[in-house]
Each structure stands twice: as C-alpha cells, then as structure tokens.
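J.: Here it is: the structure, laid out below.
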C-alpha cells in the first residue's frame, strides 16, 4: 500500500464492493449469476436466429445481432469480476486488469449509444421513406455503420482510459465500487483531473447527447408519419416494427437518467445508505438492461418469435 501523502507506481487496487455488507454478498451472488446466465442465453439465441434465419437477413436484425453481441461483451467485462468479489474476502485487481476492464466497459457503453441511434435511423427510413429503404439501407451502408460504432466506441474508451490510468494515485488505492468504474478511480487521483472532466464532458455530449437528440427527432418524424396512415391496422402494423426498439431505448436511457439525475442526499447520516443504493443501482443497470433487451425483442417482435420457435422446433425435431 502507499501512504496517503506519497505517490508511487500503482501495482493494483482494492475493490470495496459490498465488503461492508457481507450478508448481502451471497444473496447478490446467486441473483447476479442467474441474471448473467439469462443474458448469455437470451442474447446468444438472438444472435443465432439473426444468423441462421434467412427471413431475418435485414439491416434491422443485423443491428439487433450486433446489440446482442455487445450486451454479452459488456456484461462479461464486469460480471465475472463482480461475482468473484462476492466470494473472496480480499477483492484486489491488478493495475493492468483494471485498465482493461475500464476500457471494455466504456467502449461497450459508447457503442450501445451509437448503435441505438443507428437502429433509430433504420426505422426512420423504413417507415418514412419505405420506397427508398432498399436503396438507402443496403449492405454497403449498414455494415460500415455498425463497424463505425465499434471503432468510435473503442477510440473514445481508449482516450478516457489512458487519461485516467496515467494519473498518479495516492492513499490506499481503495475503489469504492464493484469494478474499475472511471469516476470511482478518478477519486483516488492526487493530481489535477480537469482534463479528465473536460474530456468526459465532451464524450458525454457526443455519445449521449447527440444520439438522444437523433433518436428523438427520428421518432418525431416516425410518429408523425404513422399518424398520417389512414387505416388503424396500417398504423398498428407500422408502429409494431419500431415498438421493440423504442422500448429498449426508453429502458436504456431512462436507467441512465435515473442513475445520474437523482438528487444527492445532504444528510451525513444517510450517506452510507445512499452509497449502498448507488452501488446497487449501478450493479443492476449493468445486468438488467442487457437481460431485458432479448426479452423485449422476443415478446414485441413477431418475426423474432417465429424465428426462435423455428430454431427450437428444428433442435427438437431434426429432419
């Protein structure tokens, strides 16, 4: 360990997690493990059906397959570490492992924001300009779009991680979190973090603000177009093609707003309870949204439901 008034090369960090609440660790181990298995199964099935079912060979389901793969990567970057911390009394992580985990978490989060906006664009073209849809959303367009989201997310995560991990750290290097969450790590720095704050602010505008605006404007035009459809059946059919995506967007961004938009308690006696609540909200955000995505698309999309049924039928009754 390093004394509080000195800095030296950091060998590792101590993750606090739920150390102050040992009775909760076993309960949450079982709960998070079950949710993680559901994430792997649900998203894995979605990836399989988008690859194997020829009826789902469209831009929308290509993006959905990417989203499912991204959710598996996002949870795998943190959940095994969290589960291990619930079972071990000393929850340490090396400096390099911390940097890798931070990079993967930031990259997947940024990629999901961009990917959701691309899926909104796909729905906008399909509903507002259906005659031009095959021309606009061809393979030469949507494959580079998806690849661009992965590149953009990786680049911003690389910048944020390098800025954070190059800082000098002092004190006991105890991260008050389950993982190497960037804000929790920055609290350990004993140097000016204004560059980090500015770069994170710019990143939030680009990867949170811009996609939210883009999705919002897309759905304004989508809803306006749907309302102009004369028949109720036509309106219902048009809305059904984008309802699953809209639900996923609301869950994803709604959880983010709830996490970071709620007021902080000024009562010092309630600080520990709020700290525990913040940790648990962050924990469930990392697993609930990836778990709900395949459930939402399976329940609200008849093409996916049919593809899953066909896949199950072929496994049980092979020809």
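The backbone N, Cα and C atoms fix where each Cβ goes, and this holds for glycine too.
The structure displayed is predicted, hence computed values, not measured ones.
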J.: If you check TrEMBL, which stretch out of 122-140, 141-159, 160-178 is marked transmembrane segment?
T.: 141-159
J.: In TrEMBL, which of 180-199, 280-299 is labelled transmembrane segment?
T.: 280-299
J.: Test the contact criterion for the transmembrane segment (28-49) and the transmembrane segment (280-299): 3 or more CB pairs under 8 Å, pairs 6 or more apart in sequence, then answer yes or no.
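T.: With 3 or more qualifying Cβ pairs, these stretches touch.
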